[in-house]
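Now, the feature entries from TrEMBL:
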- B:16-33: transmembrane segment (TRANSMEM)
- B:40-59: transmembrane segment (TRANSMEM)
- B:71-90: transmembrane segment (TRANSMEM)
- B:102-124: transmembrane segment (TRANSMEM)
- B:157-177: transmembrane segment (TRANSMEM)
- B:189-207: transmembrane segment (TRANSMEM)
- B:213-237: transmembrane segment (TRANSMEM)
Amino acid sequence: MINAIAVILSCQLAGEAAARGLSLPVPGPVLGFVLLFTLLWLRPSLAESIGGTARGILAHLSLLFVPAGVGVVGNLDLLSRNWLPIAVVLVVSTVIAMIASVATFLAVHRLTRGGND
Amino acid sequence: MTDVARIWSYLSTEPLLWLTCTIVVYVAAEAVAMRLGRRALANPVLFSVIIIAPILWLSDTPYETYFEGAQFIHFLLGPATVALAVPLHANLRTVTRTAGPILAALLVGSVVAALSAVLLAKAFGLPDQVIVSLSPKSTTAPVALGISEALGGLPTLTAVLVILTGIIGAITVTPLMNAMGVTDWRARGFAVGVAAHGIGTARAFQVNELAGTFAGIGMALNAILTSLIAPLIVALVL
């Protein structure tokens, strides 16, 4: 487990350093994700040693959002003044994004299906 | 000062109390969600916030004090983003086989999510800072905070908008996809990952593992794409 943590944190650290150092618009953890994916691609055996820990973190992904979610208490003023438009924006835009995305996925899948699945 | 008050005044300033509170409440919220049969509305993040926020309010605890404890959990969002490389690598063959639909759905979903939010917010006359804070709302929290900060938004507001978006996506995805008659788990999962990041992904994993994997891919790819397009969209609309 400690090896896995070392690998994951090193990727994140390298990602953060690259994002800051080169002032890239992509956040550090995303670069860390790309880096870890590249490492796994180059050395597939790495997946065995870090897979368990990585899945362990991802299994409780919901928990990780709770501290930020509780931040609602610090924004109650702004939110209560604008709650209706904000609620409409969030619901409408999230639902149409899902509709647009799923419709595109299925349409392109139908167009490109070359008998391979 | 009574003993209880003395213990409280010590504990309430230590990280341990709010770290423990967050985890215990989450475990309870998960158990309740499970008892309710993992129904769409039974979202553990929503339940946890609904319980913890009033506790802070009643105990007169500032968010900053709470966050000193909760930051240890919040910190894991970064490593979790990195860890997404593992399921992506494990499912690489399935993913490369559907590369066309994935890239098209990513581009359309990502642009629609950010552009519709910014345009609607502008139409409703919301303050510019709120509009900027809304632009990365479909992106996973650590990335969204970075985007919001870089564009001059309010990171704490973005955090809340991101969480709300995730909860809305997680609650609406199953009835929406059933109503649309979509039976392809890859398409269902990918759409909720793009529109509702990690909370949508967590929901997708509850429903179907293939859906969860594709949701994770959608979330990861959208994090990359939104960090590139959000500045353009904000510059275009504001």
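Note that the numbers count up from 1, one per residue, in the order the chain is shown.
Cβ from N, Cα, C; glycine included.
Curation plays no part in TrEMBL annotations; they are all automatic predictions.
Predicted, not measured: the structure shown is a model, and the values here were computed from it.
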Quiz item: Which stretch from B:40-59, B:71-90, B:157-177, B:189-207 shares the most C-beta pairs under 8 Å with the transmembrane segment (B:102-124)?
Solution: B:189-207
Quiz item: Which bits of the chain, at least 6 residues beyond where the transmembrane segment (B:189-207) starts or stops, bring a Cβ under 8 A of a Cβ in it?
Solution: 38, 40, 43, 45, 77, 80, 101-102, 105-106, 109-110, 113, 138-141, 144, 162-163, 165-170, 173-174, 177, 213-219, 221-223
Practice problem: Report yes or no: does the transmembrane segment (B:157-177) come within contact of the transmembrane segment (B:40-59), defined as 3 or more CB pairs under 8 Å with a sequence separation of 6 or more? | Solution: yes
